[in-house]
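As written in Swiss-Prot, here are the features:
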SIGNAL    1-25  signal peptide
DISULFID  28-47  disulfide bond
DISULFID  179-202  disulfide bond
DISULFID  212-221  disulfide bond
DISULFID  216-227  disulfide bond
DISULFID  232-245  disulfide bond
DISULFID  248-257  disulfide bond
DISULFID  261-273  disulfide bond
DISULFID  279-299  disulfide bond
DISULFID  303-317  disulfide bond
DISULFID  320-324  disulfide bond
DISULFID  328-347  disulfide bond
DISULFID  449-482  disulfide bond
DOMAIN    604-702  domain 'Fibronectin type-III 2'
REGION    670-691  region 'Disordered'
DOMAIN    727-818  domain 'Fibronectin type-III 3'
TOPO_DOM  735-934  topological domain 'Extracellular'
TOPO_DOM  956-1358  topological domain 'Cytoplasmic'
MOD_RES   976  phosphotyrosine
MOD_RES   1157  phosphotyrosine
MOD_RES   1161  phosphotyrosine
MOD_RES   1162  phosphotyrosine
REGION    1336-1358  region 'Disordered'
């Protein structure tokens, strides 16, 4: 009760506190930063709403008990984000914030509203009342002990989950993750589907995740599942009450949630309404002298862009005439990122100096223009330095004046230095700039030609102010296309990874102006590079540069030896002369060469990468690897070498007869691509886990996620640097594995291993096994190593070799260890167990060892029996090596049997055959025993004869009773039948002239079925399309009557989801039965028509999960109607369900499909046809048919729907299916089958019939997914629906064809039916008891007292 009052109190307190104002300190803010000590958490005491973010971080050396007494139940809302980082000792948030309900995410931490990062002790999140994160995503990362992450359905908390990033936490396989009730197998928590996994949703083993009823839609709900008021967010304490909300969807005002703020109040911080007086005091809370202002109904910190503060009314904003003159005072504003530029957004006058230092950035020009594009005047100077990301200054599109009130040393007002990519200042035909005071200075702007600078002199009015050295002609434009002479290479050669070049000596007009040369080179896989490639606006420069001094002799050509190049790599190279000569146009007059391409020599490749190995069988290992990162040539082949490893001799130090467990038993099951027919298989003769061997390439989404992760980590580290202390130092990279330094210079092709050594050799720890090797072509990157020993560890080395391997050798090796799979029968003891009597009551058992076991033999287990008692003994490996067996001592006299099994490193071998031995008696006792041995068998013989006599008498008596009461005798007049069997016309009779037959639909049980038109058979319909069933002309009178009697039973059906009988034409020939027309045929044919790869495809899409559930509900509704009326169907399958024009599925007419799908039936023991693939285990075994067995068949129908009518148990014969089902086998989950549908199937396939749900329970579990129209027509929602009884009628029979076909016969004595035979296959059975209401129950051999059977349709196949 106390817990239920918390939200009520919270909502009431929240309204009270907001009325009282900030003094009550219940609305905490603007931000809460908790760090360094647990005691700092006391700042949160009494907080109901945190207006801003909550950060709890960097609390080290804390223990779990430090948090036990800390509890903040009042906190319900955080308006920004929640961040937890490196807080030790905190195990769960459930006690800390039990009522935190909403995180609004108004301000996000790098797109995330909830960040849990590197919380080393956190075991569960535990925010069990968190219902809504309004904006932002979730990032939960690197929490090594965190479980209960996959049990939370974040789609119930967030509107979109695709931006969530949850990685690096405790592996799910190591987490228990049991929701409340799971241990007791009780359904307490709601279920939902995430990534095709339909499971319970919870925050911990004590708290379920709250799921509101579907009727609430997007509205919140209370803890009692009552729908809240539409203005409530998260939760509420009373339904449809806007004063009982825990949080508000829009705004909070005076204890009530409102869609918008009332008049004379103003929106504040996106969640509450305050008065003008409160807004005026807000600056006190922010610790600032600048008051808040009111604009467009909101209390805001400053006027937005396009508005300025109204001087007459200090708390309001007024629009500007043109651009707002927004003056920003900054002594020195340095722009080094988009974030820093954002601080000047909207500024038109910068009162101070502007410095640009933009080294990197993507789409940087657009971002800078957005934030700096309104600046018109800079009162000081402008300095642009090291801004490699800038190509132009056009983003300062409004800059008109640089006043130069403050200047740099040297009296510079415009200073441009070392901007590698700057090529343009402004478009001077459209831009005008005036520099009132000071000079300009340009240096080391390699792509900015002098003409651009001289143009700026003229426009800005600074021409003549600066000296010539202020505009360096040698460093500005030196990498632009200002040269005029082409240098030619005179020689070029290569030696391994070095390139030697010489070129002609350039002779400028004045030789003194030639300073030096610069050689540019870069890797160039393709011959399509240009001089400016790689020098983009992101600041990168992919060209390597080397300065070359002039040679001492004027006659010598300059040259260079480029060293340290990558082997077998093509390089692009060009050389440029550095001069001081100027022409009349004041451009630099220099020289450069054309780009040439050269490839270095090959070298030894690096090692292969990413080696993995998996066992393919007991004698094979599959090895896969990736190419070397540096092939250093054309990769040619790989050398694969392998070596058997000796067994671990330390394993023999233990006596495993006294150990709780044997060593870990694992073989290689790595991830291997299954191409090439080398897919790993299960252990021979055993059932193993299904491995996954597909290494999928990364998708674009995965690559983007990795990029985002790296970017997030960078931002997060920057946050730590700016907010906490210093970033973590770079970690040293750890070698994944060590490899040898030697290279392989030769190889011997050998893909198999030598003859195996005997087992005794394998037990030696000093043996060194030889290496074997084979050569694999470079295209394959995988191989299969064969002829290996079972369950044995191997080392596998791989060397990569390129086209120069004969000269240079191959790479060092990369290696991996892998164990082969166990071999079936390898641990079996060969031969027999030998026995030897050594003394009175002492028997020695000896046996040979397995020849090549799966690893080491650890022990032997002996089982011997005496007089029904089983005894076990254990022999350790050490004892066996000493004695060769075991002595059984103090054995009482008598006959014994014994068997032995070996236990290896892998597991248990098979038991040997039983060996019998006798422990003899002492001589003085043998005579007495001999008398007993003779007497006892004689007595038993007499007893056995008496029992047999009694059994024979009883059996004979019982048969005589049956002969008189149940056997049908051949009639003298076979044409005679009882008058009770005659069909009597009734109100269902339809005049023949009202029936018109149009076209054939197919062959039915008794004859052809037609489509036709009937007049007046349906109320308020003049004509109705119908299905017309007929009887063959050659049918006998009995067959015609049975045909009509079957129709008579259908008269009792009145359910929307059961095919209806509309009328009967019994007068004249042929006899007709008028049925409801199912235009789309049977469900099986309909489902197959939806297969996209079939010729008969109807063009309709494959059914969605909702459509499948709709079909299931309609079939279950029809079956629940039959169940309520004591009918057992016995042949529920897709072929016996029909589909209407509007795609409604109904239980069929119980006989029309038998001939069409004869292959779906199986004749057991030469008797009637049985649908074994749809039958339950109890029906197959004992011939028992109940509603529970119909539920089993319903599960198979669901499987048919999911597979579009594939045959169940495909690949098995009918006999195999019969054994498989009776032994507990189930159908596998179909491909792409939704978890919800498969879960429904599994419930129907419970082996215990009583554990299966009823049809009403099935509908109840899926009713929320069904169409609204289902309520109007279904039996489930009708007044007739009553809960089914569960008591069964005890009926027994073997053959389905023995059920009486004539309903009138059932009204006579039941003994007549006991012997009645029919050729019909399975159908529907009606069981009705006049004296009570019991669960429908039927048996193949017919019924008993007070029952009535539905006549089964005849089948020519029977």
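Every residue number used here counts from 1 along the chain in the order it is shown.
Quick reminder: no glycine exception, Cβ is built from N, Cα and C everywhere.
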Original post:
Relative to the Cβ position of residue 216 (disulfide bond), how many further Cβ atoms are located within 10 Å?
Top reply: 15
Original post:
Which one is closest to residue 216 (disulfide bond) in space, judged by CA to CA distance, out of the disulfide-bonded residues 47, 248, 261, 279?
Top reply: 248
**OP:** Report the same-chain neighbours of residue 179 (disulfide bond): residues 6+ apart in sequence with Cβ closer than 8 Å to its Cβ, ordered by sequence.
**Re:** 151, 188, 189, 200, 201, 202, 205, 208
Original post:
Three-state secondary structure of residue 273 (disulfide bond) from DSSP?
Top reply: strand
**OP:** Give the helix, strand or coil assignment DSSP yields for residue 216 (disulfide bond).
**Re:** helix
**OP:** Would you mind pulling the DSSP three-state label for residue 347 (disulfide bond)?
**Re:** coil
Subject >> Cβ atoms near residue 212 (disulfide bond) (within 10 Å, other residues, all chains) >> reply: 20
Original post:
What's the most sparsely packed of the disulfide-bonded residues 328, 347, 449, counting other C-beta atoms within 10 A?
Top reply: 328
Subject >> DSSP-derived structure type at residue 47 (disulfide bond), helix or strand or else coil >> reply: coil
Original post:
What disulfide-bonded residues in the list 28, 257, 279, 299 lie within 10 angstroms of residue 245 (disulfide bond), counting C-alpha atoms?
Top reply: 257
Subject >> Stretch-averaged pLDDT - the domain 'Fibronectin type-III 3' (727-818) >> reply: 67
Original post:
Which of the disulfide-bonded residues 28, 212, 449 has its Cα closest in space to the Cα of residue 320 (disulfide bond)?
Top reply: 28
Subject >> Mapped DSSP class for residue 261 (disulfide bond), helix or strand or coil >> reply: coil
Original post:
Any idea what the Cα distance is from residue 261 (disulfide bond) over to residue 221 (disulfide bond), rounded to a whole Å?
Top reply: 24
Original post:
Relative to the Cβ of residue 257 (disulfide bond), which residues of the same chain, six or more apart in sequence, are found under 8 Å away?
Top reply: 229, 231, 232, 233, 242, 243, 245, 248, 249, 250, 251
Original post:
Which of these disulfide-bonded residues is closest to residue 347 (disulfide bond) if you go by CA atoms: 28, 227, 299, 303, 317?
Top reply: 303
**OP:** Quick one: pull the CA-CA distance for residue 227 (disulfide bond) versus residue 28 (disulfide bond), whole Å only.
**Re:** 30
**OP:** May I ask which residues of the same chain, at least 6 positions away in sequence, place their Cβ under 8 angstroms from the Cβ of residue 273 (disulfide bond)?
**Re:** 251, 252, 253, 258, 261, 262, 265, 266, 267
Original post:
Could you give the Cα-Cα distance between residue 221 (disulfide bond) and residue 47 (disulfide bond), in whole Å?
Top reply: 23
Original post:
Do you know offhand how many angstrom separate residue 28 (disulfide bond) and residue 299 (disulfide bond) by C-alpha?
Top reply: 18
**OP:** Ten-angstrom check, please: count other Cβ atoms within 10 Å of the Cβ of residue 299 (disulfide bond), all chains counted.
**Re:** 25
